[in-house]
Amino acid sequence: MILTLYLAVIIINLFEVFRNKNNKLVLLLSVVILGLIFAGGTENTDMVYYKATYFDDARIKYKATEFGFYYFVQFCRQLQLGLFGMRGLVFFLSAFLIGATVKKYCVNNHLFVIIYTLFLFFIDAIQLRNLLAIAIVVYSFPYLLENKRLKYFVGIVVASLFHTISLFYLPFLLLSSKNKKFFIQITIIGAAILELIYVIYNGMLPYLNYLIEEFSTNSGRIQQYTEKITNGSLQVILLFLLNVLLAYWASVAFPKNRISQKNQWFSQYVFYASVLLLMFIPLLWYSVEFYRLARGILPLIYISVINASYKYKKITYYQLVLLGLLILHLVAWFYVSYFSISIPERIFNPLFYHNELL
C-alpha cells in the first residue's frame with residue numbers, strides 16, 4: 001500500500017507536468033500523502049535518538065541536541081502528538097517553508113515534487129533536524145536576492161538552532177549579481193586557508209568543537225564532525241562538483257527571452273552559492289558528514305534546473321545536456337547517499353515495510 005501511494009504521487013504529478021499547469025489540489029494531495037508516509041516511518045535508526053528526546057529520557061540531558069529542535073520536540077510532546085504526529089509536523093512545516101520558495105521562483109511545482117520524491121524524500125525522513133534546518137535556509141535564500149541580508153542572517157541563525165551545520169551558509173551573505181570573479185577568488189582563498197589549517201593542526205580544526213558545543217552538548221555529535229571519518233570523501237567531492245556543474249549549466253541554459261529577470265538572478269545566485277561551498281571541501285578530510293553542506297542547496301539547484309528546462313518551445317542542445325546532467329546528478333547523489341555512505345535497508349525499509357500506516 002505504501003509503495004502504491006508513493007508511486008501515485010509521482011504519476012499524478014507527472015500527468016500535471018505534461019498538462020503544463022499547476023494544480024493546487026494535486027499539490028496539496030501530494031504533500032498530504034508524502035506527509036503520512038513520512039510520519040509513519042518511525043523505525044529508522046535516528047528515531048532511537050529522537051524517541052529519547054521526545055520522551056525526555058533521563059540519559060538525554062538539557063541541550064542534548066540543538067536546543068531549537070529540543071524545544072520543538074518538547075512542544076510536540078506537550079500537544080501529545082506522539083512520534084507519528086511529531087514527524088508529520090516536521091514534514092508539513094518543512095514543506096510549507098520550502099514550498100514558499102518553490103511557489104515564488106519555480107515555473108512548475110509538479111516537476112519539483114517529482115524530483116524531491118525520487119531522491120530527497122528518503123533521506124529527509126531519516127534526518128529530521130537537518131530537514132528543518134534546510135527548509136529554513138531555502139526559505140531564507142530569496143532574502144539575498146531582495147537585498148534583505150539581515151533577514152537572511154537571522155534565518156541562518158534560526159536554522160542553526162535545529163542543525164549547527166547551517167552556520168556554514170553564512171558566507172552566502174557575500175552573494176551578488178556582480179563581480180563573478182570575486183566568488184571564485186573567495187572560494188580558492190577559503191579552501192586554501194582551511195587546507196593550511198588542516199596541515200598545521202595535524203587534521204584537527206581548532207575551535208570547531210567549541211562552535212558545535214554552542215548549539216549542542218552531545219559529545220557524539222562533536223566527535224561526528226571532528227574525528228577523521230572520511231570514508232567516501234572523494235565521492236562526496238564529486239557531488240560538490242556535480243552541484244556546481246548542474247547549477248552552472250542551468251544558469252546559462254535558460255531561454256533569456258522566456259524567463260523572468262528574478263528567475264535569472266535566482267539561477268545566478270544558486271550557481272554562485274554552489275561555487276562558494278567548494279571552499280569547505282577540506283572539511284571532508286575531517287568527516288564525510290560535511291556532505292550535508294552540498295545537500296542543503298539541492299532544492300535550490302532543482303528549482304534552477306526546472307526553470308531552465310521548462311520554457312523551451314522545442315528540444316534544444318542545451319535542454320538535452322541539462323537533462324543528461326540532471327540524471328547523472330540524481331543517480332550520483334542517490335548512490336552515494338543511500339548505498340555508499342549509508343545502508344539502504346535502514347532508509348527504505350522503515351518507510352515501505354515497517355511503516356505505521358501498515
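Quick reminder: no glycine exception, Cβ is built from N, Cα and C everywhere.
The transmembrane segment feature in TrEMBL is assigned to 25-42 (among others).
TrEMBL lists 79-99 (among others) with the feature transmembrane segment.
The feature transmembrane segment is assigned by TrEMBL to 111-140 (among others). Beyond the transmembrane segment (111-140), the same-chain residues lying 6 or more positions past its ends with a Cβ under 8 Å from any Cβ of the stretch are 6, 9-10, 13-14, 17, 27, 30, 34, 37-38, 41, 44-46, 50, 65-66, 69, 72, 87, 90-91, 93-95, 97-98, 100-102, 151-152, 154-156, 158-160, 162-163, 165-166, 169, 292, 295-300, 302-303, 306, 310, 330, 333-334, 337-338, 346-348, 350-351.
Under the heading transmembrane segment, TrEMBL lists 152-175 (among others).
If you look up TrEMBL, you'll see 182-201 (among others) marked as transmembrane segment.
Residues annotated as transmembrane segment in TrEMBL: 234-254 (among others).
According to TrEMBL, the feature transmembrane segment maps to 266-287 (among others).
Positions annotated as transmembrane segment by TrEMBL: 317-336 (among others).
Beyond its flanks by at least six residues, the transmembrane segment (25-42) meets 2, 5-6, 8-9, 12-13, 16, 83-85, 87-88, 90-92, 95, 99, 109-110, 113, 117, 121, 124-125, 350-351, 354-358 of its own chain at Cβ-Cβ distances under 8 Å.
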